[in-house]
Amino acid sequence: MDDGGDSRRDLAAGLDSKEYCLSDRDIVEVVRTEYVYTRPPPWSDTLPTIHVITPTYSRPVQKAELTRLANTLLHVPNLHWILVEDSQRRTPLITRLLRDTGLNYTHLNVETPRNYKLRGDMRDPRIPRGTMQRNLALRWLRETFNKNNSQPGIVYFADDDNTYSLELFEEMRSTRKGSVWPVAFVGGLRYESPKVNAAGKVYGWKTVFDPHRPFAIDMAGFAVNLRLILQRSQAYFKLRGVKGGYQESSLLRELVTLNDLEPKAANCTKILVWHTRTEKPVLVNEGKKGFTDPNVEI
Amino acid sequence: MPKRRDILAIVLIVLPWTLLITVWHQSTIAPLLAVHKDDGGDSRRDLAAGLDSKEYCLSDRDIVEVVRTEYVYTRPPPWSDTLPTIHVITPTYSRPVQKAELTRLANTLLHVPNLHWILVEDSQRRTPLITRLLRDTGLNYTHLNVETPRNYKLRGDMRDPRIPRGTMQRNLALRWLRETFNKNNSQPGIVYFADDDNTYSLELFEEMRSTRKGSVWPVAFVGGLRYESPKVNAAGKVYGWKTVFDPHRPFAIDMAGFAVNLRLILQRSQAYFKLRGVKGGYQESSLLRELVTLNDLEPKAANCTK
């Protein structure tokens, strides 16, 4: 319907119109609606915001990982992506990537200190990867949102190399305190899962590796209501002295009890998130001097 | 001469129907308009605020056309009559990460308008997992399968190593296209081979949509390099391949680095990926040499710099 002729024909064909009387003239208003596909979906006033915290670090596959993660996040309404770089400064690559996605985002950075006693480039191995970055995001949330503020929100930690179904985000949106669900490819299993009893309560953890951890769950397997994060403002991931596999517990024990947990994904019977790992690309043919143009961003 | 009784009867029958039809007409059209605008008040305010409008004189009436843009999100995007269809051919096989890989690939494809996903399983039968997954995405898809023969001389479970993985599946998709679309059919389409474990930007699909014969672009993490790329001269023509591994292949390019116009696929109906006796890295050439020449190639991604 590009030309006036069409609309006149439409009118003749009986298109409904509203008529207004303005002095002696009748103004007939014809409304034509153009639908424009948007990405991300339009913001809704009624949905709680999901704050997705993603630590990231520079390596060859970084841009690819963030590109495909963004492609998933772009389907989720009311999503706020908090991307935290492990770097001294916010890099141009990430700045451009975030801007080009169109997502609602916050771009932060904090560098994990390097352990100078080892090779100069080695980050302190006593600090699990991503910890300082996740903690910075928690601090940012606490500085940005008022504890008494009623803006409902959910906090989720999403690493940049995992795979997320769209259904997962809708499951976590109804989190009142803390919610949990199974995660594939962790703990040396096809999946680890919370144990849920007939009353719909979490009573344990179906894992082989240390099932007696307070929260034997992977980072990708839980979400917390923003209100709890704001109220328990001293709750952070423990930085040092954390046994392998206890990172998640170090935060969750300060926020919720087992009884508080809401099992999602059909009472923890469905897999909606996979702890996929990306293999390191083979770059042997670059040689010492480099074959490809280093100015071409990968 | 009709009796008064008869006239009364006719009126009593016709009148309710007339009323009913009038009311029905209004009630079906009104909600459609209501979806478009929230209430008459808003549009009046918009008009007063100087919203762009065209005016027509129709006898003593002014017809004001108000164009409202409504931003909607649908998954996938609404089909467009003007965009060429991109037929994405993905071979897939069962292994633990299969569902994860296809889930995140689907999440990407769901943003691309006029996309048709041809998923070909390497299996004896179409599996329930894939059937369910495809249906649940909402994508426009075709679900095929063909099993690569197992090499019985080796371990019973080993597929014939002389047939590169995915070849029979891609060929089946080509055959399906040729059986489904008429050579003289003018439905514009592009054919792209997308493996289920790669990463695709949304920009890529828009780049390939304008393919007239064959188009090419760089691919990251192949050939032992950060990326391999076609070499493009100042005239915008492809004249070679920037690779370390065998740059003298007819088409030294990865499966993910090219797209072909559907018309060519339909016209050269005997062009397939060579099944056996193909040297490593020559799979792509085995098909492309039957479809295009180097001169035909259109470089995309900012003349192969992105």
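Keep in mind that glycine also has a Cβ here, set from the backbone N, Cα and C atoms.
Automatic prediction, not curation, is the source of TrEMBL annotations.
Look at TrEMBL and you will find B:7-25 tagged as transmembrane segment. Under the heading Mn(2+) binding site, TrEMBL lists B:Asp197. The feature site 'Interaction with galactose moiety of substrate glycoprotein' is assigned by TrEMBL to B:Glu228. Positions annotated as active site, proton donor/acceptor by TrEMBL: B:Glu284. Residues annotated as N-linked glycosylation site in TrEMBL: B:Asn303.
Rounded to a whole number, the distance between the Cα atoms of B:Glu228 (site 'Interaction with galactose moiety of substrate glycoprotein') and B:Asn303 (N-linked glycosylation site) is 14 Å. For the recorded positions B:Glu228, B:Glu284, the ranking by surrounding Cβ atoms (within 10 Å, all protein chains) places B:Glu228 first. Here the C-alpha separation of B:Glu228 (site 'Interaction with galactose moiety of substrate glycoprotein') and the residue listed as 'active site, proton donor/acceptor' works out to 14 Å. Within the same chain, residues at least 6 positions away in sequence whose Cβ sits under 8 Å from that of the residue listed as 'Mn(2+) binding site' are B:Val97, B:Glu101.
According to its DSSP assignment, the residue listed as 'Mn(2+) binding site' is coil. Using a 10 Å Cβ-Cβ cutoff, the residue listed as 'N-linked glycosylation site' registers 14 neighbours. The residue listed as 'active site, proton donor/acceptor' falls within a helix when secondary structure is assigned with DSSP. DSSP classifies B:Glu228 (site 'Interaction with galactose moiety of substrate glycoprotein') as strand under the three-state reduction.
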